[in-house]
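J.: This is the feature table in TrEMBL:
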SIGNAL    1-25  signal peptide
DOMAIN    144-227  domain 'PA'
DOMAIN    325-423  domain 'Peptidase M28'
DOMAIN    542-668  domain 'Transferrin receptor-like dimerisation'
COILED    551-597  coiled coil
Amino acid sequence: MVATDGWMLAAADASLSLLLLVVHSAPAPNYGSLFLSLASNDTAALHLRALTLHPHVAGTRANSLTAAYVRDAFSSLSIPAHITPYSVLLSYPVERSLSLAVPGRATTTSFALSQETYPNDPYASATAEVMPTFYAYAASGSVSAEAVYANYGREEDFAYLASRGVDVAGKVAVARYGRIHCEDIVHNARVAGAAAAVVYTDPLQYGGAPGEAWFPDSRWLPPTGVQVGSLFRGVGDPTTPMWASSEGCERVSVEEAMDTDDMPGIPALPVSARDAAEIHAALGGDAAPADWQGREGSPVYRLGPGPAILNLTYTGNDTMATIENVFAVIEGAEEPDRYVILGNHRDAWTFGASDPNSGTAAMIELAQRLSVLQKQGWRPRRTIIFCSWDAEEYGLTGSTEWVEENREMLSSRAVAYLNVDVSVVGPVQDPDNSSQTVYDSWVKSNISPLDQAIPYIIRYTMTSCGWRNSEIQGSVGTLQVLLLLSLQHDERHFRITAASIWGMMALRLADEEILPFNYMSYPVELEAYTKVVENEVGGTAISCSPLHNAIRALKTAATKVNGERKELQRQLSSNQLKKDSMKIRSLNDRLMQAERAFTNREGLFKQEWFKHLVYGPSEQNDWESASYPGVENAIASARKENTTESWKFVQHEIHRVARAITQASVVLAGSLT
């Protein structure tokens, strides 16, 4: 089964920052070299196997056992560890059915809604434990209606259907994965008036070229494979919106939580490519456009509606359940009140071999190496916190609840958050040259830094980054890793490498006297984003001058603080300055707090959950990141409404971002206006 990633937030509901982390030198030569020398695939492999022996959906006993395993793994390394539970609203399937009827056809096709194992699958017995395919938080109900094909289920796809006179109201929308995430597909279907939705994995995206093999003979999804996920468009526990789900807290009722606009509101089911092919074959109406069609050799996809009639029933159990976050802490020696946070979620829709437990295994292996360093006399300057989050798949639930409960502490003390959910996925092509750095291989890959980054930008900001080793994804350009490693073209070595890169970044953040943050790249990136906005509002009265003025001020402040950092580093190296100097503490506080200035308590327009005004999820597709997301949301609304007020609101959003950038400049400069 393919599990959906969504926004893979962990610890801090954190935000991607354009901060330059140059990891080309060891944080402390002896300890850094020792850390790299301790790499062991054997330990990581053992942890990965133990964590993925059984499916472990959040709130189940199997997942509680993984929490105990991670806690005990940390404790065995003499790193104090504990579990923090929360009671939250989760969702499980009770009854599902889907059948296809066609007028004039004598028989009705009832879909099995099951995924087949392959012959001689050694884990077939464990596969039987997998929860039936479903969408978390889908509305319970039964619908019998004509089907309509809606391509990727985007707003523009439903707009196209309307332009062609295809009525979606009261119908079952059939859409495919490929451009936006399932919660957005179902939300758009409901807004268009659909009574239910069916989402499938089209071979065009998931089946490879015609004639190619599928798993286990290749990486492609088998014909009966299904991608599941959560349809909740918010984050955290739905019964405690914007506050922590702590014992005795205020809660809205389950009924109230399920009745919000963040919930899907209609029944929906994920289905396989094989089941969807039968539905397509029964659809009539006009042929869909060329870019709505399947892969070469597939039958022609038609729009409908009908004559295919889908009978869909879904009954869910939306219930309060206990989830468990696991924490382990290595306390800092000089600055114990400054936190470097390493996070990874643990729950999975099925086994979680790649997402997330390859990351969990890497995190435990990293901790094991640090425990060896401790035995050699090392203690970090700042506190390192390991976080194993629960219920991420449902909506970043475990991490959000912890952040909401510790919001003020984190806002003043957290230095950075580094998240790795997926450290290995399938064959890895880069880097495979031991004579070059990891960063060199990223540069040579010609991957667009912003397009490939998966930023974790949520509500309470700290410097953060998240990356996937296998896709060479990272905040490249915002995060530059120049760590020399000898790598082989082998998944096992990449699991080791993930822990090495992750750990070396953590060591620098935890040990260096002056935090390795450089804001000089921020103004360059912001100017690029501003030009995009200018192109989008061309021909209107909207002005981007406030952004340009604020960015110039940020550049001045970044240049000033960069010079200040260099001078303090010179004084440190010449012993003119003590390592515990308040000048260093003051500079570090400004470097740490400047990123927080980009947040706003009111949150993004249309996405109040998210607080960072420079980076965040797109309102049209929370699977992707957006620059100036509030501005983008306002522009999208203005294009639809095309009123004076709607365009005036775009200007307001531009001013909001400009004010945030100005505040970051003030914090960096460290002086009152």
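Glycine is treated like the rest: Cβ placed from N, Cα and C.
Help me picture these features in the structure, burial and contacts included.
T.: Counted with DSSP, the domain 'PA' (144-227) comes out as 23 helix, 17 strand, 44 coil.
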J.: In the domain 'Peptidase M28' (325-423), how many residues does DSSP call helix, how many strand, and how many coil?
T.: 39 helix, 31 strand, 29 coil
J.: Across the whole of the domain 'Transferrin receptor-like dimerisation' (542-668), what does the mean pLDDT come to? Round it, please.
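T.: Taking every residue in the domain 'Transferrin receptor-like dimerisation' (542-668) and averaging pLDDT yields 89.
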